[in-house]
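Everything on this sheet refers to the single structure shown next.
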Amino acid sequence: MTTTPLIDPFQRAIDYLRVSVTDRCDFRCVYCMSENMTFLPKKELLTLEELDRMCSTFIRLGVKKLRITGGEPLVRRDIMTFFDRMSRHLDSGALRELTLTTNGSQLEKFADGLYAAGMRRINVSMDTLDEKKFAEITRWGRLPQVLRGIDAAQKAGLRIKINAVALKGFNEDELFPMVDWCAERDMDLTFIEVMPMGDIGNENRLGQYWALSDLRNTLRERFTLTELDERTGGPARYVRLEETGQKLGFITPLTHNFCESCNRVRLTCTGELFMCLGQEDNADLRKPLREYPDDDRALENAIRAAIALKPKGHDFDYSRQRLDGQMTRHMSHTGG
């Protein structure tokens, strides 16, 4: 049976779903959450079986790429069961890619299993190569553990992209070392501007903000940057460093509107569907999922109704030294 694909009001095909499987994390990164973060009661979270049904419904409606996020997805109990279940959609060809964003803390344990489940690429969030600064930025993290995880992932056959948040006064001096380190290990690298989402305690996001336009100018002191006309439907813009052949990505939600080709929606660990990372509009998909356990039609209708409300663009704004666009929810809940 042919199913009509998900098309939003601006004629963008929605074929990429990002799913947060937990809001919990074993780090407390200063730009992400407070050290005394209060997490959701477990009863509010979708079960692994419900996540399977939810994702399978999206795949039936045309989703081709599924990225699992958190929190830290690998701290969710029995998460490998979910990945193993999702692999059937890769085997059938219904799903083109199953992937993961992780802080790397659990990779040493799970890398082989992830590859066996059909993953071939993962993103690892890591902002510094300095062990002391790593402990400072993550509060609870340990760099050697993450580096062992990265080694294990590469040994298992997983291709890795490092995501580094650009933080003013913190990792500015590591720009070239990070580029060199990734080049030596044949890993892609993307720099990300800090996002204005959720209460993070005493930290000041505006003080952390390092415009990637400044970062690019610093890179030009050493490298020739060639713009790549590469579009993934996502926020990253890519350049090639001619001296090394490396590909670098830049995600600039605050200084560059990346919305025109957006092909994705985000499902939280509680079953809320956010049509845009930078807006608060959402749809409750947990309700039809649980009210009709043996019939997916209500869930399909709710998904289509939500996609019909997808906005053209986001509301992030750091202009005039304000936090006008700050979202109240946390990335750990929405999915990073």
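First residue shown is number 1, and so on along the chain.
Note that Cβ sites are derived from N, Cα and C of the backbone, with glycine treated the same way.
Per Swiss-Prot, the GTP site holds Arg67, Thr101, Lys161, Arg264, Val265, Arg266; the candidate it also names there, chosen from Arg18, Arg216, is Arg18.
Listed by Swiss-Prot as binding [4Fe-4S] cluster 2 are Cys259, Cys262; the candidate from Cys269, Cys276 that the record includes in that site is Cys276. Taking the Cα atom of each, Gly71 (S-adenosyl-L-methionine binding site) and Cys276 ([4Fe-4S] cluster 2 binding site) are about 18 angstrom apart. Across the residues of the domain 'Radical SAM core' (9-235), the predicted structure has a mean pLDDT of 91. Ranked by how many other Cβ atoms sit within 10 Å of their Cβ, the binding-site residues Cys25, Cys259, Cys262, Cys276 place Cys259 at the bottom. Cα proximity to Lys161 (GTP binding site) (within 10 Å) is found for none of the binding-site residues Cys29, Cys32, Cys259, Cys262. The two recorded residues, Cys29 ([4Fe-4S] cluster 1 binding site) and Ser125 (S-adenosyl-L-methionine binding site), show a Cα separation of 11 Å. When the Cα atoms are compared, Thr101 (GTP binding site) and Cys262 ([4Fe-4S] cluster 2 binding site) turn out to be 19 Å apart. Across the residues annotated as binding GTP (Arg18, Arg67, Thr101, Lys161, Arg264, Val265, Arg266), the two Cα atoms farthest apart lie 21 Å from each other.
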